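Engineer: Questions regarding the structure given below will be posed in turn.
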Ligand SMILES: Nc1ncnc2c1ncn2[C@@H]1O[C@H](COP(=O)(O)OP(=O)(O)O)[C@@H](O)[C@H]1O
Ligand SMILES: [Mg+2]
């Protein structure tokens, strides 16, 4: 649009004048926890989780559980849904139970996680009983106290008010020092700190590495069952999307729109989050273009954006330096070769680091960061030869198209946006 000639432009001409695409957009927003009738399939998983927690409703000992599976396989959804139901059923039986959900991505230190644990219970009770005015309950700890103060104070109120408690620790692998917290949570009853029955639900996208990082002491005090959620196939994804069709106005979705989104999302590993995002962004694209229907083409157009978005979320927890290394790799693999060696990455990385005025890491550290990227599934690395004076040598390739990786790293690091002279990471995808 020409900024100098605004010939009668008014925002009033924009607002309320785009085609009505969505009727209830929250149904295709991944943050929304859908109602029971929106959940498709997963009966077996729901049953397994429910049976593990069930004893809570009889005021008896529940199991701890661990849930593994790739992203978008319904782990968070199923565990939140079942634990809420369990609390409700317990209440119906006259058993005081509740559940706490901790997103360890947003609460990735032990202090933050313990603080959130404490406040979810405190706030809930405060709303019900006005704890602030009660003298027998100590007031919330001031900021700056150690994590143990929060768990100790948590036990005080939990023991006073609840018979049963479900604690969901989602994306537990992202929590620093999770062993300490798990140990404290799983031992509270044995140590006579509380009489409340607790079930700990651990969720992780990373099976193998997470398990090997759990220490022996925690393993033996946690015990419990393990469930693995498998990825959805295109048909299941299609059913999930069909069941949210009413996110859109009647007649707005083209005939193949839902199946196109389901198929694209099934391509990689059957990720329901990706399927939902694709449909959401396709709708946004249609609206932006003033189109009155959302078609397969909009889904295809939305694809790069959605992939870059999901990737930037999955790399968001990496150190800044790892993002620089990933950016370097994407630049090197953009259109020319399909693999580069650790040494080649390192040589180029040094320039990138200087360009963004960052400190320059040594070869070994960069090689370690490349391993982290592989572990995250962003790259594939293959060891070659015996290495040289610099150390181990590997060849690296990307698991995504370079443009997607570039957009994701730019979204994560504004310095890289400057370097590429773009004003928005999406510009890379044009
Ligand atoms: N079986 C299902 N039925 C309906 N919606 C689902 C189902 N599985 C996942 N979803 C939706 O897909 C998105 C991703 O699911 P989520 O539980 O967050 O996956 P995970 O925790 O395994 O990464 C959420 O918006 C969720 O509501
Ligand atoms: Mg999740």
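Here the Cβ of each residue, glycine as well, is placed from N, Cα and C on the backbone.
Heads up, TrEMBL stuff is auto-annotated, nobody curated it.
Pulled these from TrEMBL:
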type: BINDING; residues: 73, 74, 75, 76, 77, 232, 244; note: ATP binding site
type: DOMAIN; residues: 61-233; note: domain 'AAA+ ATPase'
type: DOMAIN; residues: 326-409; note: domain 'Cdc6 C-terminal'
Engineer: In sequence order, what residues of the same chain, 6+ apart, have a Cβ less than 8 Å from the Cβ of residue 73 (ATP binding site)?
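Structural biologist: Once residues fewer than 6 apart are set aside, residue 73 (ATP binding site) is near 229, 230, 231, 232, 270, 271, 272.
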Engineer: Tell me the Cβ contacts of residue 244 (ATP binding site) under 8 Å, same chain only and six or more apart in sequence, or just say none.
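Structural biologist: The list for residue 244 (ATP binding site) reads 27, 28, 34, 38, 276, 279, given in order along the sequence.
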Engineer: Between the binding-site residues 75, 77, 232, where is the Cβ count within 10 Å the lowest?
Structural biologist: 77
Engineer: Here are the binding-site residues: 74, 76. Which has the lowest count of other Cβ atoms within 10 Å?
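Structural biologist: Output over binding-site residues 74, 76: least Cβ neighbours within 10 Å is 76.
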Engineer: Do you know which of the binding-site residues 74, 76, 232, 244 end up with C-beta under 6 Å from ligand 1?
Structural biologist: 74, 76
